[in-house]
Amino acid sequence: MEYQNKNYNTRVEDVQFDPDHNRDEQNVLVASAVVDDTEKLKRSITWLDAFWVSSGVPALVLFSIGAIAATVGNPSWFVWTISIIIGFLQSFVYAEIAGLFPNKSGGASIYGAIAWVRYGKMLAPISVWCNWFAWSPVLAIGTGLSAGYILSMFDSNALVNTWQFKILSLNFIKTDLSLRINSTFIIGALLMLVVFAIQHRGILSAARVQMIFAISSLLPLIILGITPLVIGNVHSKHFIPFAPLLRDATNNVTTGSWDRAGMTLFTGGMFIAAWSTYGFETAVCYTSEFKNPGSDTFKAILSSGLLCLFVFTLIPITFQGTLGLKGMLDPDIYKGMGVAKAMAEMIGA
């Protein structure tokens, strides 16, 4: 006989019972279940491990702090504050969604794919690819800046800083722009390979190594944020006038106003800041590897969000209060390569 509904046509037939045949099928099913179980991710980490993995996100403030100051001007510190508040609030949305899929790893990229797959099978992988494509520059920028910090220990005229092998001239895009191999490229590539080797050993091992890296980088960053406040190097005059910057016909910086152009610059700064401030959503990328995903997911995203809220608010205020807008617009700060030197000067080192 047949039963019909809107999705399936079901036929039920009478068959003869064969105990030997049934026993064989049961054995096959048991063996299949065992094989599937061995392919699942191991639940070996806690919320604290995920916190350490995402604790590298606060350092992203150093990547764009000069660019946002050059875009917005004196209100740049406020851009960072508003952006991280938005990021912190939306982290609760990530935690809620992660709770719906406790067996899935991948974070926002996977949640986006789940939402899109109902509209088209190709949209889901495209959504995942776009998410991680947007994250890929972090690897190049992060290792490039790290290489720059290492090379800053040598004299600017030293061979290690001046050597380069030019592959292709790109003057048609910008004057003196070229595709080249230099010390920054080599050191950055080596750093990336080291990070890959650490990650390849598994999330638990990577989290333990990241804890060491995080402590060694977060402590100086927090000291940098607090010390100028304590020793009185943060000056209120560096925050006024509270208005977007404006560039005249000769590209000189003047004070703008909160008109349409000023609001456009402000929202543009918000867009740049979001690339850094929203990054701690990586804390929910490992949901299916938490020992207790029900509670670990929320704890991981909340603790990571609070850390980022503190750093992304404190560091821009300290930088601007110490250096002023003129110091923030220094080309070395804008490029990122002079940030380490500025940090040392800010604490009197």
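For all residues, glycine too, the Cβ spot is worked out from N, Cα and C.
All annotation found in TrEMBL is predicted automatically rather than curated by experts.
Here TrEMBL flags 50-71 (among others) as transmembrane segment.
Annotated transmembrane segment per TrEMBL: 77-95 (among others), in sequence order. Long-range Cβ contacts of the transmembrane segment (77-95) within its own chain (Cβ-Cβ under 8 Å, at least 6 residues beyond either end) map to 61, 65, 68, 107-108, 111, 239, 242, 266, 269-270, 273-274, 277-278, 280-281, 284, 297-298, 301-302, 304-306, 308-309, 312-313, 315-317, 319-320.
Look at TrEMBL and you will find 128-151 (among others) tagged as transmembrane segment. Tertiary proximity for the transmembrane segment (128-151) is limited to same-chain residues at least six positions away from its ends with a CB under 8 Å from its CB atoms, namely 60, 62-63, 106, 108-110, 112-113, 160-161, 183-189, 191-192, 195, 279, 336-337, 339-340.
TrEMBL lists 179-199 (among others) with the feature transmembrane segment.
The transmembrane segment annotation in TrEMBL covers 211-231 (among others).
Taken from TrEMBL, the feature transmembrane segment applies to 261-280 (among others). Within its own chain, the transmembrane segment (261-280) is flanked in space by residues 54, 57, 60-61, 63-64, 67-68, 71-73, 75-76, 79-80, 82-84, 86-87, 90-91, 138, 243-246, 301, 304-305, 307-308, 312, which lie at least six positions past its ends and keep a Cβ under 8 Å from the stretch.
Beyond the transmembrane segment (300-319), the same-chain residues lying 6 or more positions past its ends with a Cβ under 8 Å from any Cβ of the stretch are 47-48, 50-51, 54-55, 57-58, 61-62, 65, 68, 76-77, 79-81, 83-85, 87-88, 91-92, 94-95, 98, 218, 221-222, 224-226, 228-229, 234, 276-277, 279-284, 286, 290, 328, 342, 346. The transmembrane segment annotation in TrEMBL covers 300-319 (among others).
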